Amino acid sequence: MLHLSASLELVLDCKNVLAESILWDDRTGQLWWTNIHAYEVWRWDPNRSVLPTIFPLQERAGAIALSEGADIILALEKGFGRLNTFTGAIEHCAEVEGELPETRMNDGRIDPAGRFVCGGMHEGTPQLPLSSLWCWEGGTKVQRMLPEVACANSLCWSPDGTLLYFTDMPQGTIKAYPYNPLTAEIGEPHIFANLAEQPGLADGSVVDEEGYLWNAQWGGARVVRYAPDGSIDRIIPLPVDNPTCLTFGGEDRDVLFITTAWWGLTEAQRQQQPLAGSLFALKPGVRGQREYRFRG
């Protein structure tokens with residue numbers, strides 16, 4: 001384990017292309033995440049001196065989620081599925097955006113009622129608002145929650161489940177939506193955080209037990225903790241430009257794990273940032289919430 005500052009540590013030099021959607025399984029004491037452009041899902045126990053287990057995929061998984069059993073729930077390029085963690089087999093369950101060849105699912109999380117809420121992204125240049133935010137409860141049907149999405153990110157909930165945080169990445173803001181956990185209905189949002197004057201764009205987020213939101217800022221080489229009123233509480237600089245996602249783990253959920261990417265860097269930048277794509281961690285002095293599990 002390499003100590004990079006008073007608190008930040010390099011815990012796994014995994015050189016992921018684009019690591020995202022990191023989760024802590026509190027039942028097994030393991031971390032899960034997806035390495036999107038390598039077509040992989042990773043599992044790793046940070047408390048044991050063992051190599052990560054890598055599950056190869058036939059298509060990219062933009063986001064993953066825990067289930068009530070051993071399966072890992074997948075947001076695949078064009079829908080939702082399950083990964084059998086014993087055999088590696090993939091079950092395709094529901095399809096979305098099959099008519100849109102330039103979109104794929106990108107970021108998602110389980111809501112307080114056990115639904116998988118996931119948004120897509122447009123992979124063209126410039127990014128166009130052609131995708132949507134979707135809700136999957138199981139079976140073959142999905143519900144569109146929000147249309148005209150260019151690049152979904154930052155999905156997470158307040159501790160009481162009544163606020164959904166979400167960013168359409170090119171807009172440069174994180175929005176807070178009133179959320180009904182019983183119905184998955186969302187209300188009119190307000191701007192929670194405006195990144196227009198800040199370095200980087202809002203990527204993955206997680207909310208701690210105190211209701212503060214932690215955001216990985218792509219291109220900004222930092223993680224930012226926002227107070228419930230949207231003000232900046234803390235900034236954690238990183239040795240790589242592109243942090244991607246965060247989760248709280250460890251026995252007491254008091255360790256913040258941070259995934260990163262080398263995707264999007266030039267060759268010169270990669271040489272200057274040899275730890276790009278690695279997994280970092282720190283103890284920020286607060287605990288995270290337990291991840292919800294899919295009930296479909």
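Positions of Cβ are set from backbone N, Cα and C atoms, glycine also.
TrEMBL annotations: computationally assigned, not manually curated.
Annotation comment: TrEMBL describes 18-261 as domain 'SMP-30/Gluconolactonase/LRE-like region'. The annotation divalent metal cation binding site is assigned in TrEMBL to GLU20, ASN153, ASP203. The substrate binding site feature in TrEMBL is assigned to ARG104, ASN106. Under the heading active site, proton donor/acceptor, TrEMBL lists ASP203.
Shown here: features listed in TrEMBL, placed on the structure.
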residue : record                             : CB count, 10 Å
GLU20   : divalent metal cation binding site : 24
ARG104  : substrate binding site             : 23
ASN106  : substrate binding site             : 26
ASN153  : divalent metal cation binding site : 27
ASP203  : divalent metal cation binding site : 27
Between ARG104 (substrate binding site) and ASN153 (divalent metal cation binding site): CA-CA distance (Å): 13
Within the predicted model, mean pLDDT of the domain 'SMP-30/Gluconolactonase/LRE-like region' (18-261): 97
Rounded distance in angstrom between the Cα atoms of ASN106 (substrate binding site) and ASP203 (divalent metal cation binding site): 11
ARG104 (substrate binding site) and ASP203 (divalent metal cation binding site), Cα-Cα, nearest whole angstrom: 16
Between GLU20 (divalent metal cation binding site) and ARG104 (substrate binding site), the C-alpha gap once rounded to whole angstrom: 14
Additional residues surrounding divalent metal cation, by Cβ distance to the GLU20, ASN153, ASP203 centre under 8 Å: SER21, ASN106, ASP107, SER154, MET169, GLY204, ALA216, TRP218, THR244, CYS245
Conformational class of ARG104 (substrate binding site) under the three-state DSSP mapping: strand
